[in-house]
Every structure is written in structure tokens, then in C-alpha cells.
């Protein structure tokens with residue numbers, strides 16, 4: 001059976017007053033990515049034809065973040081935050097003629113699973129409106145879902161519920177799915193005759209039932225519905241994201257020697273049989289291929305690590321770092337916007353930025369590519385099978401040819417031809433006996449100084 005055409009609406013207009021922040025709530029990060037990206041990524045699993053983000057507070061920032069995730073995302077602005085139904089209505093001019101289904105998600109609810117959304121779409125074959133519910137450990141003031149089997153009879157707000165209805169633990173998440181034309185028709189009928197004077201999306205269930213249409217409930221784990229309204233909830237969301245990411249990595253065949261100390265980003269990819277040591281942090285945009293090893297206390301972002309490579313301990317890989325197979329990057333090494341070909345070894349205490357290093361080249365301890373002149377960045381090219389001596393300063397732009405060598409302590413300011421040895425340091429001068437005479441002179445000066453102060 002073919003998948004129906006789907007559109008996606010993500011509500012992202014809330015100010016998030018309780019976050020006590022100038023940043024729009026949906027742009028606070030979980031797993032090194034805005035919460036909005038989590039919602040968009042979950043919705044992506046439905047292969048939506050169109051995606052509309054409803055922005056409000058900080059609309060320009062929200063729009064930039066949405067389009068950074070997917071440049072085809074459309075953004076509309078809810079100038080006044082008058083409730084969730086009012087927010088959905090802002091998408092009507094864009095989607096009113098869209099075929100198929102529409103799913104409404106929330107930009108501050110980052111943990112809805114793709115399989116949950118798939119289940120909602122499947123249930124749409126049996127119900128005009130499908131609501132996502134969850135069994136709450138502490139139902140508190142959540143809206144209650146009054147059901148008969150999977151059929152939803154009504155949604156009752158806590159303040160309006162009887163004691164019997166308050167005993168219900170099946171609660172409303174707010175996520176909803178319906179045929180596109182029907183949803184916008186129902187939304188247009190929602191009123192605001194309530195204490196808050198807002199237009200609530202949940203009212204579409206009662207409106208649908210009044211028309212003789214069926215409503216259903218898809219049930220998910222409570223953790224999927226975790227919303228973020230405070231900094232404490234943001235911290236809880238981060239903890240839940242990391243718990244899930246660690247469990248998924250282990251399930252996928254990755255070795256985590258101390259799982260609770262490894263931190264993932266939303267888009268971290270680790271291949272099977274990769275090994276990750278303790279206290280490793282993955283920022284955005286990291287791919288680690290099968291069989292690679294990341295040792296303790298490394299920080300990685302925007303980099304690609306190929307099969308058999310080893311990184312760390314105490315290494316930092318920054319955006320643009322590309323490590324080919326069997327590369328070794330050791331302790332206290334920083335790589336930025338640099339490509340290291342197969343078998344390159346960078347043992348320790350080195351900075352390689354804006355560089356390309358050919359295969360099987362050895363980079364000695366203390367090597368620095370001096371890539372910045374105070375205004376512009378410049379590139380360093382190092383050929384294959386070269387040997388860069390310890391404490392070499394490579395003042396870019398500069399190149400070192402294949403199988404060339406640089407002497408330890410050299411400052412290389414000119415290109416080094418293939419197979420040449422470059423020495424760029426002052427000649428050593430040795431003065432026999434001078435060390436002893438100097439120490440005697442220094443001690444005499446010190447003693448004279450002490451007598452002068454008495």
C-alpha cells in the first residue's frame with residue numbers, strides 16, 4: 001500500500017517566558033541542535049510534500065533555523081499568540097489546497113518517534129481525526145482522553161473534568177493528524193469562549209464528533225511527549241536525548257566503554273564496531289566509520305573519521321577535518337579544515353589548520369601550520385611520505401613536497417621541493433666552559449645584591 005501524501009505543520013511561535021531567555025524557546029538546543037530540528041527530523045520520516053513552520057516570537061531567527069535544516073521549509077508568522085488552533089490556521093493559506101494528510105507537531109517537543117507518526121498515519125484509514133495520547137505516570141493537569149477502545153470520545157480539560165474523568169491516566173499530547181481540508185475546516189469553527197480567550201486545537205475533536213466523524217487515539221510512551229518550558233525541563237530533555245542516543249549506539253554495534261560519559265549530537269553517526277572511550281563529546285556533523293576508535297577526552301565537530309583511524313586521547317577535531325583510513329591523531333592535537341590522507345600520523349602537540357597532508361606522512365610533535373596572518377587564512381600542502389620534524393613552524397601559504405623532510409625546530413617560509421631537506425633555524429654555536437663562568441658571574445651578582453640591601 002502506497003504512503004498517502006503528507007504535509008507537516010510545526011508550531012514554533014511560543015515565547016517561552018519561563019525559559020528566562022532572549023532566544024526563542026524552540027531554538028534552545030538538545031543534542032547540540034535546536035529543538036525545532038528534532039521536530040522537523042521526526043516529521044521528515046513521513047516524507048512530507050510540504051513543511052510549514054508557524055513562527056511568532058523571534059520569527060526571523062526561527063525562520064533561519066528552519067531553513068538551515070531544510071531550505072524548502074515554508075515559514076508563516078503568528079503575529080499574536082492566540083492559541084494552537086489559531087496557529088494552525090496561519091498555515092491555511094499555504095496548505096488549504098494540499099492533498100492528503102496533515103500532521104501537527106510542536107517545536108518544543110523533541111522526542112516524537114518516526115514510528116509513532118507512521119502509526120498515526122496508518123490509523124487515519126479508520127478515523128477522521130487521530131490524536132496522540134500517552135499513559136502518564138502523574139497525569140496532573142493534562143487534558144484527559146475519554147476513549148472506547150482506540151476510539152476517542154472526547155478530550156476533557158483537567159479543570160472541567162469530573163473526579164471519574166480525572167482518574168483517567170490517558171492524556172493528550174497535542175499532536176494531531178487529519179485529512180488536510182477537514183482539519184482546516186474544523187479549525188475555522190473553533191471558538192475562544194474560554195477563560196484564556198484562546199483558540200484550542202483540541203476543540204477540533206468535539207467538532208468532528210458533532211459532525212458524526214470518528215476520532216482515534218494512537219498511544220506512545222510518555223517520554224516521547226516530553227515538552228520543554230523551563231531550563232530544568234531543558235536539562236531533563238538533554239538527559240533523555242543522551243540516554244536514547246547511547247542506547248541506540250550500543251544497539252547498533254558501537255562500543256562505549258563508559259556510556260554515561262559520552263555525549264552525542266542529533267546527527268552523530270557511528271559505524272558498527274567503532275570504539276568510543278570515556279568523556280568524549282560529539283558536536284554537530286560528525287561521522288565515524290566502522291572500526292575507527294575515539295579515545296578518551298576528545299571533542300569532535302564537523303568532521304569525518306574513516307575506517308581504522310584512531311583519535312586521541314585529548315584531541316580536538318574541528319569543522320572540515322577529514323581523516324582517511326588508518327590515520328592516527330594523538331594527544332593534544334587540533335585539526336581544523338584539513339584533509340589527512342591514508343596512514344598519516346600526527347602523534348602529539350600539533351595544530352593542522354587549512355591543510356592537506358599526503359598519505360603516510362609523519363608529522364612531528366609540536367608542528368604548527370601558521371595559517372593566519374591577522375586578516376586572511378592560508379593553506380599548507382604537504383606531500384605523501386614526507387617527514388615533518390618536531391617543532392616545525394609551517395608559515396602558510398607554503399608547500400612541502402613528497403618524501404621531503406624538515407629539520408626539527410625549523411621555521412619553513414618557502415616551498416620545499418620533493419625529496420629535499422629543509423633546515424630553517426639558527427646555527428648552533430657552542431662555547432666551551434662558558435656555562436660555568438656565567439653561573440659564577442650570576443651568583444656573584446646575586447650575593448652583591450644581597451649585601452647592598454643589608
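Residue 1 is the first one shown; counting continues down the chain.
Using N, Cα and C of the backbone, Cβ positions are placed for all residues, glycine too.
What you are looking at is a predicted structure, and each value in this text was computed from that prediction instead of being measured.
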According to Swiss-Prot, 365, 371, 372, 408, 425 bind acetyl-CoA; which of 390, 449 is also listed for that site?
390
Below 8 angstroms Cβ to Cβ, which residues of this chain, lying six or more residues outside the region 'Linker' (232-252), approach it?
19, 28, 30-31, 35, 110-111, 223, 226, 259-260, 262-264, 266, 268, 270, 272, 276
Neighbouring C-beta atoms (10 Å sphere around the C-beta of residue 365 (acetyl-CoA binding site)):
19
Counts of helix, strand and coil residues, the region 'Linker' (232-252), according to DSSP:
20 helix, 0 strand, 1 coil
Among the binding-site residues listed here (108, 157), identify the one with the smallest other-Cβ count within 10 Å.
157
Largest CA-to-CA spread of acetyl-CoA binders 365, 371, 372, 390, 408, 425, angstrom:
22
